[in-house]
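Residues annotated as S-adenosyl-L-methionine binding site in TrEMBL: Gly117, Leu136, Gly137, Asp138, Tyr139, Val140, Leu141. Marked as domain 'tRNA methyltransferase TRMD/TRM10-type' by TrEMBL: 1-154.
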Amino acid sequence: MKIDVLSLFPEMFTGPMHDSIIGKAIENQIIDFNVTNFREFTTDKHNHVDDYPFGGGAGMLLQAQPILDAFEHTQQEAHAKGIPDGKVILMDPAGKQFKQTDAEELAKSEHLTFICGHYEGYDERIRSIVTDEYSLGDYVLTGGELPAMVMIDAFHG
């Protein structure tokens with residue numbers, strides 16, 4: 001299984017994804033795990049990944065361009081290895097609540113990409129690549145990294 005994660009904080013995955021059962025699966029090449037910092041795909045000199053909503057409103061939104069470009073990069077790498085497109089999962093408090101049946105279904109996938117957000121939300125254009133939106137529950141976290149780790153652990157634990 002190929003797992004790609006798009007995150008502003010890739011270092012958060014170092015311990016949890018490289019220890020325990022998941023770490024052994026990566027070491028034994030059962031899981032091909034990759035975290036991409038989508039800040040590396042910005043096009044402005046200040047490496048901004050967020051912007052104000054165009055329609056007004058409070059808070060900042062993640063821009064589409066860095067995430068879409070990072071996604072395209074990970075897809076090209078997967079295709080070079082003969083790995084097909086897979087599910088693209090957006091971590092979002094408004095998404096479907098993640099359950100064990102979802103974990104069992106995702107465990108059957110050959111390729112998964114997790115998009116981990118921050119700030120007030122996403123530019124809606126990001127949803128053009130998303131196949132599934134999940135939440136861990138009726139509460140808001142500071143980012144999508146912890147929910148992505150929980151989901152990965154649930155179908156590989």
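Any Cβ shown, glycine's included, is placed from N, Cα and C.
In this structure, the binding-site residues under consideration are Leu136, Val140, Leu141, and the one with the smallest number of other Cβ atoms within 10 Å of its Cβ is Val140. Each of the binding-site residues Gly117, Gly137 was assessed for Cβ neighbours inside 10 Å, and the highest tally belongs to Gly117. Sequence-distant contacts of Asp138 (S-adenosyl-L-methionine binding site), defined by Cβ-Cβ distance under 8 angstroms and a gap of at least six in the same chain, are Gln97. There are 7 other Cβ atoms within 10 Å of the Cβ belonging to Tyr139 (S-adenosyl-L-methionine binding site). The record assigns Gly117, Leu136, Gly137, Asp138, Tyr139, Val140, Leu141 to the S-adenosyl-L-methionine binding site, and the maximum Cα to Cα distance across that set is 17 Å.
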